[in-house]
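Per TrEMBL, the feature signal peptide maps to 1-17. Positions annotated as domain 'Copper amine oxidase N2-terminal' by TrEMBL: 37-121. According to TrEMBL, the feature domain 'Copper amine oxidase N3-terminal' maps to 138-237. Annotation comment: TrEMBL describes 288-697 as domain 'Copper amine oxidase catalytic'. Residues or ranges marked as active site, proton acceptor by TrEMBL: D360. Marked as active site, schiff-base intermediate with substrate by TrEMBL: Y448. TrEMBL lists Y448 with the feature 2',4',5'-topaquinone.
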Amino acid sequence: MWLETLAWVVAALGVLASTSPAPQLGASIFADLTPAELRAVRSFLLSRPELGLAADRGDSLASNSLFLVELQVPRKSQALQFLDGGSPRPPRLARAIVFFGEQAQPNVTEFVVGPLPRPSYYRAVSYKGGRPIPFAARPVTLLEYELMHRRLVELTEPLDRLLRDTTGFWYHNCSQRCLTFSDVAPRGLGPGERRSWLILQRSVEGHFLHPVGLELLLDHRSRDPRRWALQQLWYNGQYFASAQELAWRYERGELALARPPTPELLFSTYMPRGHFGTGTPTDVHGAKVCEPQGKRYRLQGNLVEYGGWRLALRLRSSAGLQLFDLRFNGERLAHELSVQEAVAFYGGSTPAAMQTKYMDAAWGMGTLAYELAPGIDCPEVATYLDAHHLYDAAGPVRYRRALCLFELPTGVPLRRHFDSDFRGGYRFYGGLEGQALVLRTTATVYNYDYIWDVLLYPNGVLEAKVHATGYIHATFYTPQGLRYGSRVHRDVLGNLHTHLLHYKVDLDIAGTRNSFETLDVRFENISNPWSAGERVVQPRLHRQRCRSERQAAFPFGTALPRYLLFSSPTQRNRWGHPRSYRIQYSSQAGRVLPRGWREERARESPPGRYHLAVTRHHEKEATSSSPYAQHDPWQPAVDFESFIRNDENIENQDLVAWVTVGFLHIPHAEDVPNTATPGNAVGFFLRPFNFFDEDPSVASRSPVIVRPRDPAFAHVDVQRWTPASPGPCVSAEPFGYNGTYGQE
């Protein structure tokens, strides 16, 4: 597929570039590893006897196992020296995560492996600060989930009669009408713990909306599942020390029973029901996106070109969408734009709800990009890309249609003007149709589906946006729960939560050395120069140069200046202004924990602590989160606060913007069956601010200009540079979908 088509011939020949490489060759240094490269890294590490890696972990957590292999992105200095000419191609390297579970003191270690395609060495690497990664902080594997299920079959045996009688479903020895569970995190209340609250649910379509009123606290820290035990149970508002105690209370008739209704008519399904009041048809196709003269964008390997835009893309296994070397009209605007983290912090009256503080990078967001459905997730005419991941698997796994690209008519002109003559006519009409190229992927993290978009506009504007949809995270309804959400069905509470989405934006505005300032307005009260004795109150510009990292960190709870400008200190446009780009927010983000709370250090830093933080670029500060923060938020591997603690100077430096957007979601009845996308989208724009001498979209050949030919407006002159008619706009290709992903 698309990743496998990239050629590494130049690297193999060791060619030194004397000029800038061809765009496709330059983009390829950021391309995800091919299946062959993933297998080569795995085979090499398995061949090293000192690592003692098991080729097949079997049923044991007490083994040394390879968890993740993905691209190790070249250092920025190496990449720019190659991309801008004169230096060799950076060596192609891999990042590998190994769980050392067989050791007396188990741990997690990350390695850099290279060079590809034939690796010959590996070396251990650490995050800034060098703190070892505890074994208890590791992400949960499919094997651990399977062992949890097996252990629950044994541990819930005393509850078999209670569950059968009250729900009609059961967990012990189940083949049909089964119960399942959703687990929450963090897994405990302090470092080293691995205790998970589990919500039991009926295993039906949309099981997230079918809690049965029982939550279990399972201690699964030991590498021996036989030692795993239930420490507490919550049933319909009451706590119990053991399954035996709960069963005994039931047998004695001392329980207030939770009896959710039988789910024959599923309210959680997508099956149509009800009618619209207008009677307008919905059993025919609606409007569609079409490309009457073919595609106006180009995709070569991982290189994307559209209008003035050019960039390299990848879908990293650990955190999702990542773009590099973003250029407009040949000028680099950013070295990197990438998703770093997605946080969802909940409140509730049940133990699982009050413990739910999700940090989704720990779940491998890139590997959760399942197949996109043509005509629904993306237009039928979109270009679909597969992805390959080696994540908690014995080899590369192919994910069909994990990303898509398409040109989108925005439905609103990019710009237009009707020049009235104020006498019933006009002098001219001019308009440029609105279009953008959309890069899209998704991440289905348990119940929630995030739709990650990057939109490229022909006027040099980039928009990063995420929609939240999918099922709400629900718990069993009790009257106490109404303090924490809404009752959305008879026995279902939709719990309030805050979504925070975090991005890294490594801007290079007219060069790698930039400065940062804010621009807003203040009011002045001055004498009226043209009317003696009168006063004029008016806005004036107020600039605030941020000279250090602390000055450029904007915490939640404080007003965010409306113009956030990254400027070249040396380059100016034709009109004398510093060439700049602006970050513009579309967000309702707010704090999710009070400052200083024990989990705030990781949970809030940076996704929940700052709207924006601007730091100097350092290779040791490549990411703001890690796969381990979810399970050890008390001693995080990445301490973002250390990025700004030394308060470095940021004037005329290589700068990185860490951007957090988000919104509060108080679930309501209309979130059943799913949260809808309208109103649940947040993001930010990168907009030129005196970077150009005029709107660069004037280069487009898509405007229409209409001028009257005579005073009576009987005839008009129409100027356009595209065909007068777009032509037929329908594709006859039927809908198709596969939905599988697996090793090839």
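Cβ atoms here come from the backbone N, Cα and C positions, even for glycine.
Predicted automatically and left uncurated, TrEMBL annotations should be read as such.
Spacing of D360 (active site, proton acceptor) relative to the residue listed as 'active site, schiff-base intermediate with substrate' is 10 Å (Cα to Cα, whole number).
Taking H, G and I as helix, E and B as strand and the rest as coil, DSSP gives the domain 'Copper amine oxidase N3-terminal' (138-237) the counts 31 helix, 31 strand, 38 coil.
Note on the domain 'Copper amine oxidase N2-terminal' (37-121): DSSP counts are 18 helix, 28 strand, 39 coil. On the 0 to 100 pLDDT scale, the model's mean across the domain 'Copper amine oxidase N2-terminal' (37-121) is 96.
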